[in-house]
Amino acid sequence: MKERLEALRAEALQELQGVDGPQQLNDLRVKYLGKKGALTEILRGMGGLSAEERPVIGQVGNDVRAAIEAVIETKQAAFQQAETENRLRAETIDVTLPGNKLGAGAVHPLNKVAQEIEDAFIGMGYSIAEGPEVETDFFNFEALNLPKNHPARDMQDSFYVTDEILMRTHTSPVQVRTMKAMNGKPVKVICPGKVYRRDDDDATHSFQFNQIEGLVIGPNIRMSDLKGTLLQFVQLMFGKQAQIRLRPSFFPFTEPSAEVDVTCVQCGGHGCRMCKHTGWLEILGCGMVHPRVLEMGGYDPEEVSGFAFGMGVERIALLKYGIDDIRHFYTNDLRFLSQFVRM
Amino acid sequence: MNVSYKWLSHYIDLHGYTGEQLAELMTGGGIEIDVVESRNKGVTGVVVGRVLTKEKHPDADKLNVTTVDVGGAEPLQIVCGAKNVAAGQLVPVATIGAVLPGDFAIKKAKLRGVESQGMICSAKELGLNDKLLPKELQEGILVLPEGTQIGASILDVLGIDDEVLELDLTPNRSDCLSMLGVAYEVGALTGREVKLPDTRVSDSAEQASAHISVRIEAKEQCAHYAARYIKGVNIGPSPLWMQNRLMAAGIRPISNVVDITNFVMLEYGQPLHAFDADKIPDGRILVRLANEGETMTTLDGQERRLEPHMLVITDGEKPLALAGVMGGAHSEVTSSTVNILLESARFEGGTIRKTSRQVGLRSESSVRFEKGVDPARVIPALDRAASLMAQYAGGHVLDGVVEEIAAPAEKTVVTVSIAKINRYLGTSLSKLELETIFSRLQFPFQLSGDGVFTVDVPSRRGDITRDVDLIEEAARLFGYDNIPTTAIEGAATPGALTKPQAIRRELRKRLTDAGLHEVISYSFTHPDRTKLFPSLNGEGVLPVRLALPMSEDRSVLRTSLLPQLLETAAYNRNRKTDDAAIFEIGSVFHTDEETLTRLPQEKHRLAILLTGSRSRAEWNRKAEAYDFYDLKGILETLADVLGVSGSIGYEAAQPEHMHPGRTAAVVFDGERGPVTIGYLGQLHPAVQIEHDLSDTYVLEIELAPIYEDADFAIAYKSLPRYPAMERDIAVVLNREVEAGKLTDAAAETAGELLESIRIFDIYTGEKLGADKKSVALSLVYRHAERTLTDEEVAELHGKVVAKLEQSFAAELRK
């Protein structure tokens, strides 16, 4: 019986040597090790053995089984690995094909810049005030020290609706409304919004544009505070290297008044075409709030003082992005707008 | 105002300052100089010559051969093509070696076989603006007045060796609309003295008042009217130097008398007018307001209809001049004028402004009156002009100024303390520094022991009326750059966005994250565009119309945002961008008044437009067109984000110009009860065609109710601890039954054990019948405190099925 078992081992190992697939492997397992397989068949004859022989033959039978199983397992593992490799090879994709992108629209560049300016001032402790775009002559002009027939009204030709109602020409009326609402208390606001002036549209002019104005009123506000505030702002907006330069100017609602230049964003002040070789770009108008304006806003100019400033959002956006024509902002060409997707 | 450097140097020493340096100094002081322009555009070697002979060129019809004496040993032979050349003329001659503008070097040349030793020049060839010259001199060579020295450099003769500073004046600095005003400003900046012109008039035994009289009837519009009588003038050209200065300032020379009035206006800032005195009966001047229906013909030959607010100078009967704006043709100074009535007056700015705007005439004179002239210069300017007329027009100035003063000029005294100046500016200017500043400005002042300046403001500086005006003078002369940089004192304040601002930013962020682009449109539009979506305007709403629009296309304020979004989509489609997902957040303007008596309502709105494909065809997917549910999904997501999804409902609606079967009213059921806040749907196909758009889905909603109800508070709910049971059902029912109604009814019946309900399939097909559809619902039941039993759920679910069967005649699909 021992000889038969040894012969079976030899035969099985021989046959397993040449196996070429998982199916054949399984067939051989059944053939040799299955319930009706060859090994079981031989061992069935153990009943006729003596008590001494039985354990010896049993041991041989187990050895044979173990030897066949070991070979089957090794083969099995090899077949599985080959199969996995084949499958992965089949699943290979072209990683250079484009991915499925998320949608990415852009905030309009004017709002993008306005939000940036707003955030700079919010960080400096300002609130944001808003008001109507259609205004009364009183809030737009008179309360700002621009009585009817004042020559300075020429500076900003306006769109009137009636003699007393017009499209606001600046966001300053919001300042007046804020002063009145604050009832003599200190003020620290910026007023963003659309404004309208009669202007023929060209590369640098638009009859509709956006302004952001600021107003601070308190017991001891000085012109030096105005300079400090604007310097802080331009450095937040244009970087630490940005400097400002104030030139005397005139606005009916401020006295003293100034135009503010900032270090050219293009050349850093060395002089280039953008700044007409001056190293400076004009971006702001500002001044100390005129006492008449304080009075009309309900303040006593002997008790408080204030400063105000204003800038055009378009102007800053043009400079910041190097845009050559202001009309792009209002034609809404998607080839233009989609350039502003970056954060 | 254009200021000739050379001319200015007559009133103030400019030694040590080039034109550019002067411009920089003045700009730093607040008078902005736009450009410094050299009058010499590159002329050298051009001298004055006299044409001795002129003969026709033997071989060219249009050319002449001249001999010209330029002061050399021999006359030069010069070929000249100008029609107006004639023997005896004094002319500019570019000799061999001369250079004209554009680096045009003059060489010896032969013209049609005749040698030419130079060129006789026109004004244009000398780089001068010839628009101010008489026509015959524009077309031909420049002819110089008799008496000009032969051989002299043309640069000196024409004053071309000069620079012109273009002042960009702010409205408060009208004092710099005169050479003297500019001289005072330069004096303040440099600390140098101003030299005043000579105004002396020689004595006359004859009284002017024997010939002329002056009376002011309109005393509010005319504070002062003064006149002189100049007898026996010879009208002719003014001296070349005066013409040069006028031209440098951009004023056309006309005749000696007129040129003198303009010259003195530029000098003093005081407009003057010369009348032909013999055209004024009895030399009588009456200043009054125009009568209703009155007319007059102005100098430009136009007949003008006057209105009662206009100020006129009359002879007691008929208007002679439109005060401060333009003279009349009848009393104009002509070549035959002999006697002059010279006017110097102070008219009220507002009146002149209104008149000049209305008649469309803005002259050098009206501009100065509008901005206010210096009351102290009315008489000096009159005297200066009279003395120049005696000198250059041969006139005899009669004794005395004939005048009426209706309102004497008020004296302005302003006080300011050293302490206030420094407190206001954040500076620490000393008493001496401030004294120096006011002295340089030539502002007479007194300084009290406790540091208060009392300043007598000179009448030329009408802009200075309060202490802050003096503070500005101190600041600008001290230099804005020298003011320190400080931080605001006192407690810091917190800054933040308001709720509506935060919401608009969130909307922008979510929409752009979803791939939409933000647009900004004009607030002005064509009236027809406001009629496109009447349902977005509401009952009785009218657009606000501008009084003087730039064009009909931009004549009214928009009443809704969508019409312009459509235009934007069409604009982009015309540029081959067919797919657009865009939005705008902005104000629309509503009124119910034909003529506004109060401000219109301004409403913040959100509008969205989707057209074309949601996604283009890619290598791994097909193109997908936008549909209604893309747009609705955007709004639903926004509502979730803003915490208002519970308040928003959608009802089928048929507003005008929208697809009747694919449009919903957006109903907001907030604190103020249910209101329609806008619409959402597909454009009507006809509107799509009109705008050349493919299927387009649009939305416009009011933001105010959302501002009010939006809730950003997040309250955590504990995660479920017991399992849920999911049950699906499919029912067949009539096609018209809205799915929303079905889910509402199911949810109501299931009660609080229903956690969610979702439609996961809608099926229509022949098998069901044409008017039927099958709706498949998935319901999730859950109890918060325990595990539900099968029996409980089966019972509840059974009720839901029964409810659907009852209410919607639904059949359970097995």
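Each residue, glycine too, has its Cβ placed from N, Cα and C.
Values in this document were obtained by computation on a predicted structure and should not be read as measured data.
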Candidates B:Asp463, B:Asp481, the one TrEMBL lists with B:Asp469, B:Glu472, B:Glu473 as binding Mg(2+): B:Asp463
Coarse DSSP state, helix versus strand versus coil, of B:Asp463 (Mg(2+) binding site): coil
The domain 'FDX-ACB' (B:720-813) - residue tally per DSSP class, helix then strand then coil: 37 helix, 32 strand, 25 coil
Cβ atoms near B:Asp463 (Mg(2+) binding site) (within 10 Å, other residues, all chains): 19
Set of same-chain residues at least 6 away whose C-beta sits under 8 angstroms from B:Asp469 (Mg(2+) binding site): B:Val414, B:Asp463
Around the Cβ of B:Glu472 (Mg(2+) binding site), the count of other Cβ atoms that are within 10 Å: 27
Secondary structure of B:Asp469 (Mg(2+) binding site) (DSSP, helix/strand/coil): helix
Secondary structure composition of the domain 'B5' (B:409-485) [DSSP: H/G/I, E/B, coil]: 33 helix, 15 strand, 29 coil
